[in-house]
Amino acid sequence: MQYKNQNLTHFVKAAGUAAKLSPGGLKTILNFMQKTPALLSDIGNNEDASVYQISRDLALVQTLDFITPIVDSAYHFGAIAAANALSDVFAMGAEVINALNIVGFDTCNHDVNILKELLEGANDKVQECNALVVGGHTIESTELFFGLSVTGKVHPSKFIANNTSKIGDCIILTKPLGTGILSTALKAQMLNQKHLDIMLKNMMELNYKASQIALKFHPSAMSDVTGFGLLGHLKEMLNKNISFEIFQNEILFLEGAKEYFNMGLIPAGAYKNLEFIKELIPDLNEEKLLLCDPQTSGGLLISISEKESLECLKKLEDENIQAKIIAKVVNKQENDIIIS
């Protein structure tokens, strides 16, 4: 579908996953949620999706994600929002069954054709991972938002948690960073066409294939990088026995991201993420803001044994996935995250 400038980002305060509430604030209000033996995922660790056991051989994987427009083309926005929502199921090592549309529609500024194209974009992405859109719900809203409620399935003993990395593992990141920076440049009408095309390709790419490849190498943990930025999601992958050593020079960024960053085109969400992570990295400064950039439809973080990591990386690269080993899991250190 050809990209159309339909001014979607003009009518929203914040774009994509940069509109998420501060992660620190959320932790203080979610401690009332109840546990049950059938709930296999950990409520307290911000898992990517819930895993609920139905039978000895079946667990349902459920997630919900919606975002404000991050691009100005309705079809592309729908596809990106769908890829972003589906990613949570892939990060759990699960298979998507179906999805429901969630729509808040700004009838004052957009006509119904915008909604039609948006839903078409989402439907195409859901079909790409062999699943179905089976319905949804719409309301009128002062700002446009869209996402999916996604249901998947997995064997109860085979889902991949986000905080079970093993000492000695390598951490593979499967997409470059920078969508928050580039989308901020787009909203400021300063993003050139080449960089827009690169950003679109990155965000519309499903994490489905990367997840399928990773599962062949028995990862010890997985997550995806979205609104809390790389450092924020690595924080969620920590446990009491480990720290992460990040190889900063190995991290890939979308073309143009560093230039726009140096121009000051930085989303407010990056500063929120910086505050959230500062307690773990005392010497963290604004030069590291790129590592806090809120991603929309970002890549997977795959924790995998060092022995398997290079072969896994090669398989990902063979599928044109821009993957890199960006960190190593080490014994617990004074600082939980070390940037080298």
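Glycine is treated like the rest: Cβ placed from N, Cα and C.
Taken from Swiss-Prot, the feature active site applies to UNK17.
Per Swiss-Prot, ATP binding site is recorded for LYS20, ASN45, ASN46, GLU47, ASP65, ASP88, GLY136, HIS137, THR138. According to DSSP, ASP65 (ATP binding site) is assigned to a strand segment. Counting only same-chain residues at least 6 apart in sequence, those with a Cβ under 8 Å from the Cβ of ASP65 (ATP binding site) are ALA81, ASN84, ALA85, ASP88, GLY147, LEU148, VAL150.
Taking the Cβ of ASP224 (Mg(2+) binding site) as centre and 10 Å as the limit, one finds 26 other Cβ atoms among all the protein chains shown. Swiss-Prot lists ASP48, ASP88, ASP224 with the feature Mg(2+) binding site.
Sequence annotations record features per position, and here Swiss-Prot assigns site 'Important for catalytic activity' to LYS20 based on sequence analysis.
Take the CB of ASP88 (Mg(2+) binding site) and look out to 10 A: across all protein chains shown you find 26 other CB atoms.
Within the group of binding-site residues (ASN46, THR138), the Cβ with the highest number of other Cβ atoms inside 10 Å belongs to ASN46. Residue pair ASP48 (Mg(2+) binding site) / GLY136 (ATP binding site) shows a Cα separation of 21 Å. Counting only residues at least six positions away in the same chain, the Cβ atoms of LEU100, ASN101, ILE102, VAL103 sit under 8 Å from the Cβ of GLY136 (ATP binding site). The two recorded residues, ASP224 (Mg(2+) binding site) and ASN46 (ATP binding site), show a Cα separation of 12 Å. Compute the center of the Cβ atoms of ASP48, ASP88, ASP224, which mark the site for Mg(2+); besides them, the chain residues with Cβ within 8 Å of that center are ALA49, THR63, SER87, VAL89, PHE90, ALA91, MET92, SER223, THR226.
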